[in-house]
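Novice: This is the structure I want to talk about, given as structure tokens.
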Amino acid sequence: MALKFEVLGRFNRARAAQLTLPHYLCQTPLFMPVGTQGTIKGLTKNQLEEIGCQIILGNTYHLALRPTSELIDELGGLHKFMNWPRALLTDSGGFQMVSLLHLADITEKGVTFQSPVDGKPMLLTPEESIQIQNRIGADIIMALDDVVRTTITGPRIEEAMYRTLRWIDRCIAAHKRPNEQNLFGIVQGGLDPVLRDICVRGLVERNLPGYAIGGLAGGEDKDSFWRVVAQCTAALPEDKPRYVMGVGYPLDIVVCSALGADMYDCVYPTRTARFGTALVPEGVLKLKHQAMANDIRPIDPMCECMLSRDLHSSIVEGRFPEFVCKFLQTMFPKGDVPEWVCNAMEVAGIDISSCCREMRFDVDKSSTL
């Protein structure tokens, strides 16, 4: 195991921790921007350091296609390739089962993709995914899992969950750098609490360095989303990092942090910025609108900080409930906080009645703990 996870502060489920990785000492909760091919488009590495970026996510599938993991290895690994001194995480390539489903064929052996570069078939097995990630050299590497959209129902969900458990053993066996890279397992099971529980217990038995909650942020309703997060975080070990994959909306990050999650990633913030929309405490600011043509004010004159930094400090300093209320009051000044948020915060033990319109709570706490 090549990490150390030390909880520095708590408020009920929420926790702030220090995550020590081979290349950087991180403060959680934290958000990881996605640098699919070894770069965050539009930002230099110095700018990323200035805004407090701690971990960048790279995409195993795309890096294996171009420039190839062999070349990255020859050049000293992805850290040197992209001149990034802090931590890196690589995904397994499993998400491409969903995003490139029309190009993929999934079997017990692995996933066969048709390359979007040259059209040639590419077989990604659990062993090959780990070998590629070992060559790339990220601080955290992800097990190859069988990914299906949460909007899918029926036997395919159960099949994918059990295959994910079978594949984790193949990933563990293939991992040749456990003292330098941390292999995280991924909890699958769709929106079925029974399947999620089976997957959590199976992964925890493997005593991995950390755990991710996968298969969310794919079109499911928000009430189902937070309940899955609440169930998984409650069952995962207290002394290991918990990573909710594909989450990038600020509201979702705050809710998941209140429920006990530590790490997040998504293309949303950077992709949205490239198309001219900034994320501000009130929501979004569309900079391409005509009203902005002659507006010379800063995007947010009151804030020089990052959301993850605020989350961490508010938990450590014992003011997390106040932070959550202020965050929600700013985003929902009329008090129209979504009911799913109110229900999630009730389970998290945070009183947000001061910033919510009066509404009936129908959350069943016993089903989410």
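Cβ coordinates come from backbone N, Cα and C, glycine included.
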Novice: Could you check which of 65-69, 150-154, 205-209, 270-274 is flagged in TrEMBL as region 'RNA binding'?
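Specialist: Result: 270-274 is the stretch TrEMBL calls region 'RNA binding'.
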Novice: Which one of 8-14, 190-196, 246-252, 288-294 shows up in TrEMBL as region 'RNA binding'?
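Specialist: Region 'RNA binding', as annotated by TrEMBL, spans 246-252.
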Novice: Determine, to the nearest whole angstrom, how far the Cα atom of Asp265 (active site, nucleophile) is from the Cα atom of Ser92 (substrate binding site).
Specialist: 14
Novice: Using a 10 Å radius around each Cβ and all protein chains in view, which of these binding-site residues has the most neighbours: Gly93, Gly94, Gly215?
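Specialist: Neighbour-count leader: Gly215.
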Novice: Are there any residues in the same chain, six or more apart in sequence, whose C-beta is under 8 angstroms from the C-beta of Asp91 (active site, proton acceptor), and if so which?
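Specialist: Counting only residues 6 or more apart in sequence, the Cβ neighbours of Asp91 (active site, proton acceptor) under 8 Å are Leu57, Gly58, Asn59, Thr60, Tyr61, Met142, Met245.
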Novice: Near Asp145 (substrate binding site), how many other Cβ atoms are within 10 Å of its Cβ?
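Specialist: Its Cβ has 31 other Cβ atoms within 10 Å.
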